[in-house]
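Before any comments, here is the structure.
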Amino acid sequence: MNYLIRGATFPDGTVRDFAIRDGLIAEGTDGEVVDASGLRVLPGLVDIHTHLRQPGREDAETIETGSRAAALGGYTAVCAMANTDPVADAAGIVEQVWRLGREVGLVDVQPVGAVTLGLKGERLAELGAMAESAAQVRVFSDDGHCVHDAAVMRRALEYVKAFDGVIAQHAEDPKLTVGAQMNEGEQSARLGLAGWPAVAEEAIIARDALLAAHVGSRLHVCHVSTAGSVEVLRWAKSRGVRVTAEVTPHHLLLTDELAATYDPVYKVNPPLRTTEDVTALREALADGTIDAVATDHAPHAREDKECEWAAARPGMLGLETALPIVVKTMVETGLLDWAGVAERLSHAPARIANLESRHGRPLTPGEPANLTLVDPSQRWTVTPDGLASISRNTPYAGLELPGAIVATFLRGRATVLDGKAQA
Ligand SMILES: [Zn+2]
């Protein structure tokens, strides 16, 4: 199917028509007409941090339902985290995830490989075999767990240099967060819940930045959540360390005051922090200290979320609300323009994940037609039952958000049209 997209507003503000032909962006005037007047066109979004839960927890999400949620959120590629059951620590498992993603065909599912066997933090996983597999893994992460042993982290950083891989660290010193339930601070003291101190994140980022500099390798920091982490990143980048970082939509909007509700939907790791942290994260995303927005989409089955706070699993849904939250916190506040949105949600994450030959490309003729159309003026209210995920753990139920995804195209095929998934 060929399309003629009429009157779309590009990230630089120009209004143009363009065609989609044979999977590519093209010049021309033929094809099925899509009226894009008033709509923003963005390069297809790229999520470098998604939990798809398959294999192992298909009651919470599958590659199919997660792919659909991603397409509806404007994504054309997602990196599927390795903390599945079994763990994605060998070539066979990453190939299985990659193949299932291709069969569904709604987004490119790029598997992330585990850094250590079984996420145990001890022995390196089969990094080379995963890199050479059909899935061509380039991002490795024990996400959910921190690679805490400095010698293991050093070896992993050294190993991935050979194929320009990157270690994506979940920065949390586990010795400082034993039993932690929420951010350590005034709120945790008031509520009597064990705290997760900012220093547990900041100390690991500082150590890893030094290690990355020492071995000349590439480090990516997952879900940065504190003002102090921003300062450490600024320092590392000023010294030329090859470090990139991501922030989640929820850390750009929500604060630890929500823990007072004792509603486990607000339990997440790293935890929601303070208003001062939120302000620092927004500024860091605006000035590029934080390179990318990543959802940390973490679906959980009802029994893992609809229980006592202490027993609940940490994590929130994110794929279908990420861009609207960024519009609300960054665009409507004047911190980021639409070119900045394209950079932080598409170009930068594609570069970090080594997907830049296919995703996060400029919107010019001859490039693969991976793109999304957004209505920035449409406001909609989040209803958990209206989401494509199997799980319902969105912290935004009842919240009105700006910016609706109208259409998404993956290599020229419409995965979403008129706001509805096409498969
Ligand atoms: Zn994590």
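Even glycines carry a Cβ here, placed using N, Cα and C.
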Zn(2+) 1 site partner of His49, His51, Asp143 (as recorded in TrEMBL), chosen from Asp287, Asp291, Asp296, Asp304: Asp296
Zn(2+) 2 binding, same site as Asp143, His170 - TrEMBL member from His214, His220, His223: His223
Local confidence of the domain 'Dihydroorotase catalytic' (41-227) - pLDDT mean: 98
Secondary structure of Pro314 (substrate binding site) (DSSP, helix/strand/coil): coil
Conformational class of His49 (Zn(2+) 1 binding site) under the three-state DSSP mapping: strand
In sequence order, the binding-site residues (His49, His51, Asp143, His170) whose C-alpha falls within 10 A of Asn83 (substrate binding site): His51, Asp143
Those binding-site residues in Asp143, His170, His300 whose CB falls under 6 A of ligand 1, listed in sequence order: Asp143, His170
